[in-house]
């Protein structure tokens, strides 16, 4: 039996991988500690998607090596995306590490730390999120060939998890107290196509909706061949959030072709119009990339105009990262870093104005909020239109109400900022 400190870096997909590992290891008697200094093994689940993530993973690994050198821990293992890309290089540069494991080597990781992999525990997880919400990873890998992305190299081909397995996993999460279920994958749009020849996403959402989760949220949809019946389900099912996260990346036809996105500007605009016509209450989140190779000032202005006209409810923007394992690495990274950052800032300044205007529409209204955190007489939570960690936060005064994390409360919104709603609790449930 060992005391293990697990550091899980990167995206929610990595979080689920770490949660599965913890459940397997705990079944073998392993104990997970809150702090590295209380452990004899450090295990780091790394991210290798973009340069910033790689640098964070390297920094945390070096910090763990120092603890081993100082004899504060006995062993250090590194797993996940970074070893999937750079196992040999990492092993050469960091001989102090006791083992490197890729993204599909869970049994090997468990064996290294003295635990046993058990097939019957495949659906079990120990949550790293607060106990009232969880992520359900419905597929692994990606078949898209977006030129800027190294995920197919890291995670492999797209493999949908069988519906019955997902329903078993979801049932266990519901029994444990999860009230909000967030469906994730690299691409949820094509869920089930490798199993049935067509998307099974809507069928899965309907079956999960019948399981009495209070909220079901869809994240990371791909715009090409998105199953539109899901939008109808959002409108018709009270516990399916009127919310869709659909990264679009750009609107310039030339850049979309170079990115190999499979959709042009006309198709993108028509898709958004169709989604909003079928469900006027839906809130759309998207992600853009600024500074893609060859992006001209005119193409960036086209992106700005598109965002201004479309008025997304939530939007993130990232500077293009020139990744050596992506197809776009053969292109010249010719937009200088300063210009990339300037373009990100300009786009986010525009979105801030849009977000402020949209948030003002909530002022004076009563809404339902899922409570994430309580500090003294203040509540921090989210509406159905806000995903964990990335979207708006509701900041509420509790008044005389006994509000606790995981509860739903009714709130009256009295003020707003671009990324927060402020108000007071007026009821529970």
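Counting begins at 1 with the first residue displayed.
Note: Cβ is positioned from N, Cα and C throughout, glycine not excepted.
It should be emphasised that the depicted structure is a prediction, and the values quoted were computed from it without experimental measurement.
Swiss-Prot lists 2-118 with the feature domain 'MTTase N-terminal'.
Residues or ranges marked as [4Fe-4S] cluster 1 binding site in Swiss-Prot (evidence: sequence analysis): 11, 47, 81. Long-range C-beta contacts of residue 11 ([4Fe-4S] cluster 1 binding site), restricted to its own chain and to partners at least six residues apart, with a cutoff below 8 Å, comprise 47, 49.
The domain 'Radical SAM core' annotation in Swiss-Prot covers 128-357.
Under the three-state DSSP scheme, residue 149 ([4Fe-4S] cluster 2 binding site) falls in the coil class. Cβ neighbour count for residue 149 ([4Fe-4S] cluster 2 binding site): 23 (other Cβ atoms within 10 Å of its Cβ, all protein chains included). Per Swiss-Prot, [4Fe-4S] cluster 2 binding site is recorded for 142, 146, 149.
As annotated by Swiss-Prot, domain 'TRAM' applies to 360-427, with the evidence given as sequence analysis.
The binding-site residues listed here are 47, 81, 142, 146; among them, 81 has the most other Cβ atoms within 10 Å of its own Cβ. Break the domain 'MTTase N-terminal' (2-118) down by DSSP state and the numbers are 58 helix, 23 strand, 36 coil. Restricting the average to the domain 'MTTase N-terminal' (2-118) gives a pLDDT of 94. Residues 142, 146, 149 make up the record's [4Fe-4S] cluster 2 site, and a Cβ search at 8 Å around their centroid adds 144, 145, 148, 150, 151, 152, 186 from the same chain.
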